[in-house]
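J.: Here you go, one structure.
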Amino acid sequence: MHKSSSRIDGVSAAAAAAGISRRRRVDGSLASTSSSPPPTTSADASPTIDAVDWTSLPDDTVVQLFSLLNHRDRASLASTCRAWRALSASPCLWRSLDLLSHQRIAPASAASLSARCAHLRRLRLRGPASTAAAVALRASGLLEISVDSCRSLTDAALSVVAARHERLQCLQIGPEPCDRVTPDAVRAVALCCSDLRRLRLSGVRDLDAGALSALAEQCRSLSEVGFFDCPSFEGPALSSVVSLRFISVSGARGIKWGPAVQAWSKLPNLLAVDVSRTDVTAGAVSRLMSSSSSPNLKAVVAINCPVLEDEGGLASSSCRGKVLLTVFSDVLKGISSLSSVDTKNPKNDRDPFRCWRLSPSVADRTVDDVLNWLEWVLSYSLLKIAESNPQGLDEFWLKQGAALLLSLMGSSQEEVQERAATGIAMFVVIDDDSAIVDSRRAEAVMREGGVRKLLDLARSPREGIQTEAAKAIANLSVNAKVAKTVAEEGGIWILADMARSMNRLVAEEVAGGLWNLSVGEEHKGAIAEAGGVKALVDLIFKWPYGGDGVLERAAGALANLAADDKCSMEVALAGGVHALVMLARSCKCEGVQEQAARALANLAAHGDSNSNNAAVGREAGALEALVQLTCSLHEGVRQEAAGALWNLSFDDKNREAIAAAGGVEALVALAQTCTNASQGLQERAAGALWGLSVSEANSIAIGREGGVAPLIALARSDSEDVHETAAGALWNLAFNPGNALRIVEGGGVPALVHLCSSSASKMARFMAALALAYMFDGRMDEVALIGSSSEGSSKTVNLDGAKRMALKHIQAFVHAFLDPQTFSLTAASSAPASLAHVAEFARIQEAGHLRCSGAEIGRFVAMIRNPSPILRACAVFALLQFTIAGGRHAMHHAGLLQTAGAARVLRAAAAAATAPTEAKMFAKVVLRNLEHHQLESSL
């Protein structure tokens, strides 16, 4: 029996948005900016280069090479020989250790590194066990510790860290709130770490005067404090810390601004204050900016302070060399004015930090200290603002925010680079739930040269920076214009190379970038050419467990790529069928299941153009897994699994294997429960039943399982896609007399009549008419005498009335494809031009994708002899559609008609005096079509 047309399911808007990254958790340039790798010179044109003996490199060169690698790559390189192993332990390589790219590092793992950490001075860690890992390193000489994602940190753990590292000069914990840390732990830090110069803590509860006084008494060199997002904070108590040069209370609450500002203005060394994201008032800021307060003060940062902004801000953003940075001031120009940069040059204003970095150094380091601090606090606040996405900041982001974040990306401080890249990834997403990227913000980043800067940053040896840069590229690439720029700048090649990273977080963001880029048809080939297909498949095998984010994004990218015929073959050749089936079978994450099923659907959607459909069916457990996924509690999983089964049912062996795996029962149950579901799920459920019902055995099974009723309900859908697939399924089912009666008994005739007369889809109207023709061509009559059920009982229906209604609308449908202007002229003519005109006017383009079996063609031939002139005309009209030149299966249908001896029947119909005029005209067209195909096959 006939098949439904093949579908290639491209990525939907939701699927594309699913590739958007949210926050979880150097420099270099390409030789070529094209989307292809740099051209290679032929062997004839270039001199022969002898093989390099890497082991003969000087020791200092090897050490320099090691310094450019992360600790994992260092370990791999050190394993090559004893000499390099010894060099890898050089103290200069172990002064700084960055483990932020690892969300969890166990104390046992840290202990294994302790032998090399005697000279360690700087440490960055992430995760709940990070403080224990810091202690396990036994690096008592540490000067700086930075801990991220440590919400569960307790007083006891922080106190132990302080006690084991008495030489600490910098302690930073955040940005996640330390809501289990109390002032007692701050006092312990003050007592143990008297050399402390910088203290940055986030979310500490009840930060009281006692803790701040302990810092003043014990830490006489403390020059910077940052108490971020603290729920309560006694600001005036900082007046006792007379060594302070920098104060940041960004996001803090409960500050009494009058007393606090009065106390801070007496600090003799104060250079800058950050009150961003607080309820600071215009009066408090004005007092800080006044000439009598804080004579050394250079800058006040007050970004996103609602009370200050509602009060209209200040009359001036500068006062006797003091600069105020707010959303209503020119932040970029204000930063430029703090340095010796030429503020009259507009280019300098757009990237003030870069201009400062490139300017000649001066003996007075105060300006450098202020600008380094500004980089840090601005990157922190801008990221927090981007995360919360408050209303009313569009103008700020478009005019200043994007440029400011891009300028911060060039910082020498790695954490500033990281946060700036994350900020770009975040601020372009304006609706986290719907994952909507603001096109104006994304294109603002592009106009400021952000794509090139992010791609350069992505090539950093630091995995944390790679992760955040890739995340920003991924989110920006949702915008088609930015995606084009990414490709033109060589970004696809960079991402494909990064996909081979051994770091899961890097790989996850890179896979997300390739997922979003693969939405564009113009980028699919470039991704395959860059080796992206193989890299994505390898990711699935590399992280089969515990990496759901990687797996979902890799499978999503492969699903988009598989929608392209050529790329689908690349996916199969790279082992993608096995990888995706493995995910469908074993992964429990619904997002991964959904994308794996979508990818398998797209692999199977190319019909006869490649062998992927059969290959998926041959993969062990593939069909069983997809049948099982139709029972998922997640609608998206059910939808994509049904879509995959629909496409796979085009293959004869797959169709029967799906039925053997319980596909009929599962899909009927799905159709019965999806009447209130999304149109996508309804379409695929009906489509899968349509595909299975090509087999008469499956068609009968669907009828017996109760599949008729839900298909009738879906045929009443307002969605063209849904009622078209439902009509196709009902057409197949109606071939069987028992099912035909079930359709009549279930109220299917009015539903099909409505489609036949009212649907905007010609295909839906066509298939509804054919279903009605099957039901009333006389074969159902015998079954109607005993009923459709096995018990022999039948509902009472008025078959005569139903038949009259059906025939009336079949006739109206066929007449709709007759050109009234030339009807009388062509009725008596067999001229080729006249017949061509009839065929062109009657043609339903999509019907050329339908493929009928010999039994079905034979039934239409038999219908030409039916006593009903309406059914005779309908049968010939159907054969016209199936044989018209250019149809995908026209040659196949012509062969079946020749085998059935249809030419004689058609000639009789064309010559019959009593035949309807339309039947005679259509018969002549079919005869002409058969002659055309016969001639074509003989050439």
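Backbone N, Cα and C atoms are what each Cβ position is placed from, and that goes for glycine too.
TrEMBL feature annotations, pasted as is:
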type	residues	note
COMPBIAS	31-47	compositional bias 'Low complexity'
DOMAIN	51-97	domain 'F-box'
REGION	16-47	region 'Disordered'
REPEAT	449-491	repeat 'ARM'
REPEAT	531-576	repeat 'ARM'
REPEAT	575-606	repeat 'ARM'
REPEAT	621-663	repeat 'ARM'
REPEAT	662-707	repeat 'ARM'
REPEAT	706-748	repeat 'ARM'
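Walk me through where these features lie, including what they touch and how far apart they are.
T.: Across the repeat 'ARM' (531-576), the prediction's mean pLDDT works out to 95.
Within its own chain, the repeat 'ARM' (575-606) has Cβ neighbours under 8 Å at 6-9, 15, 18, 533, 536-537, 540-541, 544, 548, 551-553, 555-556, 558-560, 562-563, 565, 568, 612-613, 615-616, 619-622, 625-626, 629, 632-634, 636-637, 639-641, 643-644, 646-648, 650-651, counting only residues six or more beyond its boundaries.
Here the repeat 'ARM' (621-663) has long-range neighbours at 3-4, 6-7, 9, 577, 581, 584-585, 590, 593-595, 597-598, 600-602, 604-605, 607, 613-614, 669-670, 674, 677-678, 680-681, 684-685, 687-688, 690-692, 694-695, 697-698, 701, meaning same-chain residues at least 6 beyond its ends whose C-beta is under 8 angstroms from one of its own.
Listed by sequence, the residues of this chain that lie at least six past the ends of the repeat 'ARM' (706-748) yet keep a Cβ under 8 A from its Cβ atoms are 1-2, 4, 664, 667-668, 671-672, 674-675, 679, 682-687, 689-690, 693-694, 696, 699-700, 754-755, 759-761, 763-764, 767-768, 770-772, 774-775, 779-780, 782-784, 787-788, 794-795, 797, 799, 802, 855-856, 859.
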J.: Summarise the repeat 'ARM' (449-491) as counts of helix, strand and coil residues per DSSP.
T.: 33 helix, 0 strand, 10 coil
J.: I'd like the per-state residue tally for the repeat 'ARM' (662-707) from DSSP, helix first, then strand, then coil.
T.: 34 helix, 0 strand, 12 coil
